Amino acid sequence: MDQLTNHFHAHVAELNRRVAEIVARENLSGLVIHSGQPHRQFLDDMDYPFKVNPHFKAWLPILDNPHCWLLVNGRDKPQLIFYRPVDFWHKVADLPDEFWTAHVDIKLLTKADKVADLLPKDIVDWAYVGEHLDVAEVLGFKTRNPDAVMSYLHYHRATKTEYELACMRKSNEIAVKGHVAAKNAFYNGGSEFEIQQQYLMATNQGENEVPYGNIIALNRNASILHYTKLENQSPQPRRSFLIDAGANFFGYASDITRTYAFEKNIFSELIEAMDRAQLEIIDTMRPGVKYVDLHLATHQKVAQMLIDFDLATGDREGLIEQGITSVFFPHGLGHMLGLQVHDMGGFLHDERGTHIAAPDAHPFLRCTRTLAANQVLTIEPGLYIIDSLLQGLKQDNRQHQVNWNSVDLLRPFGGIRIEDNVIVHSDKNENMTRDLGLD
């Protein structure tokens, strides 16, 4: 923790530098960052699980306390308005007493609707950053989530501080423990629900604490890209297991995927081929490389796998140009990672907000940035048997390039995805996931 504490000082200094630059450019007095507030379920007296504003947790690891506010201008010590009501119904947040408290001045707020008493008296030149624009309007903010400020913050968020990198190494460490437990549960005959429980226990995080809904998919369910239903019965026969699951540390996410075969067979060989291809793509990551080019190179490798495993005929370029590889690998290679699983700024060319869209042929790619040092990205190639997409191939001449017998053979296994979390350094890549021993 001592090292994290030391890194935090430099982290806050960098965030202050960024804020000072953008508020001066936009003639603002500063930013007022709202942690957020609960959302009430329709016709109910209960709230949905609270999710903190990522711009708020960039400054402070306060993840579960709504109605907090942070005032920053890049010059003065940040001011934290910390919500601590008198409430006998719910657990009230403890008074902050952690390493980060030395870097903020703290004022306590006991009633959420009295925050105006603690905000700057002349709020006109301060910009509100948060979700609740109606609250901001009532409080008198004229500037709310201004595009220039948001683009600047999102663009620079891609460059992680040493504190952020340390947090993400820790979130990977926690997630790897869960993945090992889930793998063992799979081979011991667990159902999707049981595997999920083993994962959560190993990470010591609940379903509302992990950064996204875990994907725990057995057999054909692995062909559903965002499968989040958990079946209580263990399938028979047991063929395959795809797990896409992460963990959270101080608000920073990990996002890891593995695929396993229950027995040695053609599917296990395909997993090994995908694993080699994924590591080869990671080896080519370096500053100056365009993420789009990594994605296109992955399609070359997927095309070769389709040929090698007798799933399709033809040459690699033809399979790519005709969109056949996109049927088997329909999603993007990965995305930026950080405060959010799909971290902001993946399409920004510069701090002014210039947008670079994904190529027309690959609309689901979530990142078009050029790699730079201290960026963190996922690399997650996949190959799936998705009937709704394969049906499109049967409607034209491309059907003759697909070996449907091979497709039928692999259909019960669902699909494959392998995902690691990688830090780009100036002179190397750091595969946080593999460095922790997760094969």
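Each Cβ is built from the backbone N, Cα and C atoms, and glycine gets one as well.
From a predicted model like this one, the values you see are computed outputs, not experimental measurements.
Mn(2+) 1 binds Asp255, Glu380, Glu419 as Swiss-Prot records it, and from the list His299, His335, His349 the residue named for this site is His335. Among Asp244, Asp408, Asp435, the residue that Swiss-Prot places alongside Asp255, Glu419 at the Mn(2+) 2 binding site is Asp244. Here the C-alpha separation of Glu380 (Mn(2+) 1 binding site) and Asp255 (Mn(2+) 2 binding site) works out to 10 Å. Cβ atoms within 8 Å of the centroid of the Cβ atoms of Asp255, His335, Glu380, Glu419 (the Mn(2+) 1 site) belong to the same-chain residues Asp244, Ile256, Thr257, Gly334, Leu337, Val341, Thr378, Ile379, Asp420, Asn421, site residues excluded.
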